[in-house]
Amino acid sequence: MNGETKKKSVGSVLYDDVMGGLRPMIPFVAGGGILMAISFMFGMRIGDNSVNQFAKILYEIGHNNAMLLMIPIFAGFIAHTIAGQDALAPGMIGGMIAKTTGSGFLGGIVAGFLAGYLVKLLNKLLSNFPEDFQSIKKLLIIPVISTFVVGIVMLCVVSVPMAWLNQGLTGFIDGLGTQNLVLTGMVIGGMMAVDLGGPINKVAYTFAVAAISNGNYYPMAAAMVGGVVPPLGVALATTLFKKKFTKDQQIQGKTYYLLGASFITESCMPVALTDPVRMISAGIIGSAAAGGLAMLFQISLPAPHGGIFVTPVVEGAISQKLLYLAAIAIGMLVSALIIGFTRKPLKEQEA
């Protein structure tokens with residue numbers, strides 16, 4: 001390049017920033033998600049005080065602590081990647097607001113970028129601040145202003161359309177009724193894969209959890225198979241189509257077998273975001289197929305988490321448990337094949 005530095009595109013910079021948030025988040029997802037899955041293997045039932053104490057402890061650690069930190073960590077480290085240590089606090093606080101208001105990963109991305117670039121701007125505007133007051137700038141002025149602005153935007157702007165989205169999508173699923181069970185399963189399964197743990201995913205999952213409380217366990221089966229298919233599909237694709245993935249992506253893909261099997265949908269984001277249109281679309285199709293099959297097979301699942309590991313609690317004969325696994329396997333295969341046949345070879349990706 002004759003000494004010239006190759007300038008990154010805007011898309012590449014934004015991708016690097018998002019990855020800066022994803023990498024620190026994955027251990028929280030893995031630790032929390034797998035402990036949650038194990039808790040259901042030991043008989044965890046939400047709202048049932050008679051379950052054994054060990055299952056409750058696992059669930060408390062995984063769901064109420066580790067998974068609670070997932071989006072705040074994600075948003076905080078996006079901000080940290082953009083503007084350094086000063087941006088970590090407002091980013092994490094914005095991420096927590098995204099978590100509590102239901103805007104999920106999309107809200108976390110907004111919080112991370114907003115906090116990062118706001119802190120960057122504040123540092124630039126206050127660059128001539130007196131040397132004697134630098135500690136006040138770092139410890140007081142920037143944290144207070146950035147946290148206030150990020151908090152106001154997240155609560156008063158970002159949360160509003162997300163609430164509308166939640167209401168609209170929930171009404172849409174309700175409107176499908178009981179006469180279109182296979183279609184309902186396809187919609188729930190597909191929604192689980194649309195944004196990999198974002199608000200659309202959460203609408204489908206919340207609908208399924210609400211159905212459990214009403215004694216209807218079929219939607220949860222569709223949501224569960226829909227949630228495990230995206231990472232399992234990516235894992236299988238990296239195994240079958242090695243020439244289309246880097247060595248690092250292939251190594252990451254192997255971890256998705258366990259994470260996907262544990263119902264940690266968001267785990268595959270690092271590889272999926274390298275080619276989001278093809279890979280997320282493949283996940284949606286595979287998840288929709290799995291969700292439709294779950295309804296077609298009339299699979300009844302009373303556990304709201306656990307992926308493959310809650311197969312023993314699928315209601316009915318052993319054949320129903322096998323059909324549950326078959327729905328997952330078919331969705332996984334469909335997703336992997338679509339990725340393999342549509343994703344460009346590495347040489348073309350790098351061109």
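These residue numbers are counts, starting from 1, taken along the chain as shown.
Even glycines carry a Cβ here, placed using N, Cα and C.
What TrEMBL says about this one:
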{"type": "DOMAIN", "residues": "14-351", "note": "domain 'PTS EIIC type-2'"}
{"type": "TRANSMEM", "residues": "25-44", "note": "transmembrane segment"}
{"type": "TRANSMEM", "residues": "65-83", "note": "transmembrane segment"}
{"type": "TRANSMEM", "residues": "103-119", "note": "transmembrane segment"}
{"type": "TRANSMEM", "residues": "139-164", "note": "transmembrane segment"}
{"type": "TRANSMEM", "residues": "217-241", "note": "transmembrane segment"}
{"type": "TRANSMEM", "residues": "253-273", "note": "transmembrane segment"}
{"type": "TRANSMEM", "residues": "279-301", "note": "transmembrane segment"}
{"type": "TRANSMEM", "residues": "322-341", "note": "transmembrane segment"}
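Long-range neighbours of the transmembrane segment (65-83) within the same chain, counting only residues 6 or more positions beyond its ends whose Cβ lies under 8 Å from a Cβ of the stretch, are 16-18, 20-25, 28-29, 31-33, 35-36, 89-96, 98-99, 104-105, 107-109, 111-113, 115-117, 119-120, 123, 266. Counted over residue pairs 6 or more apart, the CB atoms of the transmembrane segment (25-44) and the transmembrane segment (139-164) come under 8 Å in fewer than three pairs, which marks the two as apart. Listed by sequence, the residues of this chain that lie at least six past the ends of the transmembrane segment (322-341) yet keep a Cβ under 8 A from its Cβ atoms are 189, 221, 225-226, 228-230, 232-237, 240-241, 244, 278-279, 281-283, 285-287, 289-291, 293-294, 297, 299, 301, 308, 311, 314.
Counting residues 6+ beyond its ends, the transmembrane segment (253-273) has Cβ neighbours under 8 Å at 15, 18-19, 22-23, 26, 29-30, 33-34, 36-37, 70, 105, 192-193, 196-197, 201, 224, 227-232, 234-235, 237-239, 245, 279-280, 283, 305-309 in the same chain. Confidence in the domain 'PTS EIIC type-2' (14-351), given as mean pLDDT, stands at 89.
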